[in-house]
Amino acid sequence: MSLITRVLQGNLTRKNALQTLTRCGYSSHAKFAEHRPIEKIRNIGISAHIDSGKTTLTERILFYTGRIAEMHEVRGKDNVGATMDSMELERQRGITIQSAATYTMWKDTNVNIIDTPGHVDFTVEVERALRVLDGAVLVLCAVGGVQSQTLTVNRQMKRYNVPCLAFINKLDRLGSNPYRVLSQMRSKMNHNAAFIQLPIGVESNCKGLVDLVREQAIYFEGENGMDVRLDEIPQDMRVESQERRQELIEHLSNADETFGEFFLEEKPFSEADLRAALRRTCINRTFTPVLVGTALKNKGVQPLLDAVIDYLPNPGEVENLGFIEREGKDPEKIVLNPARDGKDPFVGLAFKLEAGRFGQLTYLRCYQGVLRKGDNIFNARTNKKVRIARLVRLHSSQMEDVNEVYAGDIFALFGVDCASGDTFTTNPKNNLAMESIFVPEPVVSMAIKPNNTKDRDNFSKAIARFTKEDPTFHFFFDNDVKETLVSGMGELHLEIYAQRMEREYGCPVTLGKPKVAFRETLVGPCEFDYLHKKQSGGSGQYARIIGVMEPLPPNQNTLLEFVDETVGTNVPKQFVPGVEKGYREMAERGMLSGHRLSGIKFRLQDGGHHIVDSSELAFMLAAHGAIKEVFQNGSWQILEPIMMVEVTAPEEFQGAVMGHLSKRHGIITGTEGTEGWFTVYAEVPLNDMFGYAGELRSSTQGKGEFTMEYSRYSPCLPDVQDQIVRQYQETQGASQPDKKKKKN
């Protein structure tokens, strides 16, 4: 029976109950909501590949810091589930679907935590969490090592310049090898990384850790590993500890000039010097400290919390920029003031929207100033005013009211009409905005319809809510086939939303077969000179545009660009937006397969206008005509999404697995083997990956598993393109276009 359960059932006296809860570290919400100086604030995320133990680690952190009074498991037998997995679907499936925020305290430092999903289909949750965090804990499985989503998270951290600690988890699992994981971090992720802890035994012999910084052994004893005992390093580990400590010193010396002087001049240095070098290099992203443990067995969590405080930055050590728009000039960069004194105007960034019990909940990070209940703020994008009626801080699905928030705090507001990535400020006149959030393009589409026509209202409400909350979930109606389609990052992504429609809105839906989001692009430049002229009595329509459409480089083949290169007044500037609008409208549907255009630059170079008959509408229609001209005269090809696939299975099935990947047009990029298992890495077209899960199970006797994530768009094979074009033409009731219109 847990301590808190005994308290609730009255098995302890009031005095003993207080002592018991205090020993647990359990504290009231007020303790965590106290205002603290900026040096005592940490904003961290916990990110990793799926099933690496992120949520279990967060549960232990909350317990050891006194935020919760008892621990629950991700797949707990008590039907409670982990604190941060508040959605029923998360608890059923044992996976994290939405990022969840909480805040706690460790050694007088306020730690704001965002636990993120590990599945590639929910990668936007990681993206927007990392955008507003100052540091992160990258969790790696001691068995699985660096996996596909680990690489994705690593790229996201690099994009937002987020310093991180690495925590090699699951030391207790059969086959765990933290030394192999460190080697993968260096080779696959290009991290300058070294252990600052070593395991005392692995698998069933996992007893504790060796701290290489303080040169002591750490053991976790008592109920739930709450008693941390320091001791001498075991005799049989002293040689290895010295070697690994020397390796740590060498890696730090290469990354930090100040510490390098100690090493080169062979000067003695203190533990404080070593810690200072670790902090400097970690914040500068030139070194990654590697810690070890097993969250499930309650080992290594408290030293990880110490490392978060010691080595990850506070909000004042991270430079955050705002941009002030100047008409006709490049935006002016402004460094935001992170001081928690409220002297500067409030600046905050909305990074997540969620429909709560009391209306829309908007998650924000405060970057400058202070925000109090009753204040007015403005959305920098829409210039709409919002009055703050209620301020809350989040503990998973629980909301805790606060009166004010300061720079560095993560909080939420109710009833704010905005989008992810919007900037809010108290001064609407300075046109200040922060850099928004990168949103990947959806790669899979499915037809969707409610099972019962009476549920259409609820279906519409669900779609409206989910598309607003999740920028990677798209909805549209295809007029050609008269189908409603949803697009997302993968089959699981769309299946989860279908299940949520039934659970949360009482609207069961049927999903069709998945469809790949192909794209169409130009093979080479194609010039155009189009005149749109219409006269039917009264004022007519007149617009002429001259220019060229050309392909963008392969690394930009998901973008569409419009460039106004006109000189003089042949195309008046007030009509140029009409040309761009017409271009982007026509880019929604290509000629070969009906898919969107991408990887194209539209260069408007010249044209002509009529003083009476020209208008923005006329130039928009001229753009329509010009693109139809390019459809006919240009050489086109179809692009398809390529996935990075990682398959792990017993060695005896390696030939079968690689054979199946080759049949699916996969290109093998690497293989690894260890202790009877192998891992193969391949790039495979998404169109060829449907049904692979069943094939892998049958060919490996159910022992194989795979993950995949989006890599890039690449031209289709000629026979694949012919098949796609033929299928599209059949649905249009037309014959296949002239072969000259497309190039493979």
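Cβ coordinates come from backbone N, Cα and C, glycine included.
Keep in mind that this is a model prediction, so the values were computed, not measured.
What Swiss-Prot records for this protein:
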BINDING   48-55, 115-119, 169-172  GTP binding site
COMPBIAS  725-735  compositional bias 'Polar residues'
DOMAIN    39-316  domain 'tr-type G'
REGION    725-744  region 'Disordered'
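This view paints the features noted in Swiss-Prot onto the structure.
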{"residue": "Ala48", "record": "GTP binding site", "DSSP class": "strand"}
{"residue": "Lys54", "record": "GTP binding site", "DSSP class": "helix"}
{"residue": "Thr116", "record": "GTP binding site", "DSSP class": "coil"}
{"residue": "Leu171", "record": "GTP binding site", "DSSP class": "coil"}
**Report entry** Chain-internal residues near Leu171 (GTP binding site), provided their CB is under 8 angstroms and they sit 6+ positions away
**Finding:** Ala142, Pro178, Pro199, Val202, Glu203, Cys206, Val292, Gly293, Thr294, Lys299, Gly300
Report task. Determine how many residues of the compositional bias 'Polar residues' (725-735) DSSP places in helix, in strand and in coil. Result -> 8 helix, 0 strand, 3 coil
Report summary line: One finds that other Cβ atoms within 10 Å of the Cβ of Ala48 (GTP binding site) number exactly 28
